[in-house]
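Peer 1: Pasting in a structure now, in structure tokens, and then I'll have a few things to ask.
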Amino acid sequence: MILAVILINTICLCTALDDYTQVSYFIPPGPLSGRTAPLHSWFRPIRIHVHEVDLAHHLPDVSSQDLYRELISDGLDLIRQLLQVFPVSDTLKLEYDYSKLCENPLQSSVRLCGQKWSNVVVNEDCGVREGFQIPAEHMAEFRIYSSETEYTVDIPGGAGINDTDIVLYVSAKSLDYCNVQNAGILGFAKICKRDQFGRPIASFLNMCPDGFSSASKAKLKDTIFHEILHSMGFLGSSLNLFIQSCEITNRQLDCKFLSDYYTDSYRFPWHVLRDNSPSESDYRYEIKSTNALTAWQHHLGCDTAPDDGPVWSVHASPNPARQNPIPGDHWTWTSMMGSLMSPFVKEPYMQLLDNMTVSWFKDTGWYFVSDNLTQPLLWGKNSGCDFAHPVNYCQKVVNGELQDRFLCQQSGKSGCHYLHLHKGVCTPTESRVPMCRYYKPDPQGDCFTPRSVTDSLEEFCQECRCFVSSLHEVCVLPV
Ligand SMILES: [Zn+2]
């Protein structure tokens, strides 16, 4: 028997929000005293401004441009149904990165720069570094203060963007990651700027032009929606920016980060855990925030392990110094296969917007989130509390101690993918957890495309599904 020890590592509780834009939020007119309505009654559907970046140049085919715009528009329609925000009151203007530009803030406020670094390069490129810059007209002016009230304008500002809660820069450039061999990367999204409470207010979304031209419309639609959800904040970098609560103070919105509120790491919204066994070492993050935790336990039908949250991916292996790995930007494939926010975008009928993802957005504290778009996830459904510990759970399946509807025991064995739409071959779910195996769908093994076969009793039709049986053709000879 392999004994597993779960260690909870020390985590950094700092918010580390160095680069942010101070945004003014709309406070309803009139006296606030005696107001009993909760803050979320002031939330409004999010207003998203789309700014195309050289789209015609990088995607010259007009029908491809039209398709891209259509799919972005469809995705943003869903986001407007899903997410409401406290509305930005003034014209949205993005601030330069003070943490990089300013050598000496005034002592009275870190947001008042007293001196700029000499020879500093202004590079507001969202970290894309390949020819993209946030347009100057979207930026606020950068000031050098001689006192709290006197300043000179060092970099002039632009007009900003009206009626906007977030700007989405949309492009189709052949960036480096598009050309990584066999990676199959179709798109990518990144947050450029956050407000003072961590909410994304500017994001960059890129679709690889070659992949865009060859993928099906349905796959592009899901991929673009997946990337839009990243651009709204579904990233590892958001985990330490979850909001505990907001209130109105001096007619200003004031929100507290969970990480500022709690010093007790056990109440933090995420933990890094390590499963140790004689033959393996596996780190994982679990999301512990209230809504995601509750949704996960309800999904598993688990009410006896109140601390086991859904499993979040890791970006990198821990280094020899045993530091914690960097959080990834998705659920793990093994724990949340079928979620639109797992790392791989598959065929549309195989992925959906699950309750854990919707709950994750609720837990950020930035949004009022609708449940209307939530779809039921089948993977792991009612598998019980043990499913929350993939390494232990899979080991039991491999050892034959546990029968499971979703996982298989023997690599290479034929069977049915858990949705029963495809035949599959028992394959590791992820290379880092080789003992977790599922029947990976055979792309040519779908049951629902009608076709005739002559060498077996199999049938293929729109309503056909995959089942494993011991059906034999019996020839009965007349007596
Ligand atoms: Zn992703």
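For all residues, glycine too, the Cβ spot is worked out from N, Cα and C.
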Peer 1: With H226, H230 listed by TrEMBL as Zn(2+)-binding, which of these, H138, H315, H330, H389, is given for the same site?
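Peer 2: Record source TrEMBL; matching candidate: H330.
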Peer 1: What does DSSP say about H330 (Zn(2+) binding site): helix, strand or coil?
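Peer 2: Looking at the DSSP assignment, H330 (Zn(2+) binding site) belongs to a strand.
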Peer 1: Counting only residues 6+ away in sequence within the same chain, which have a CB under 8 Å from the CB of H230 (Zn(2+) binding site)?
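Peer 2: Listed in sequence order, they are A189, K190, S203, D329.
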Peer 1: What other residues of the same chain, not counting H226, H230, H330, have a CB atom within 8 A of the CB centroid of the Zn(2+) site?
Peer 2: A189, E227, L229, F234, L235, D329, L340, M341, P343
Peer 1: Find, for the listed binding-site residues H226, H330, the residue with the lowest Cβ contact count at a 10 Å cut-off, counting only other Cβ atoms.
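Peer 2: Counting other Cβ atoms within 10 Å of each of the binding-site residues H226, H330, the minimum falls on H330.
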Peer 1: Give me the non-local Cβ neighbours of E227 (active site): same chain, 6+ apart in sequence, Cβ-Cβ under 8 Å, ordered along the sequence.
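Peer 2: For E227 (active site), the qualifying residues are G187, F188, A189, L205, M207.
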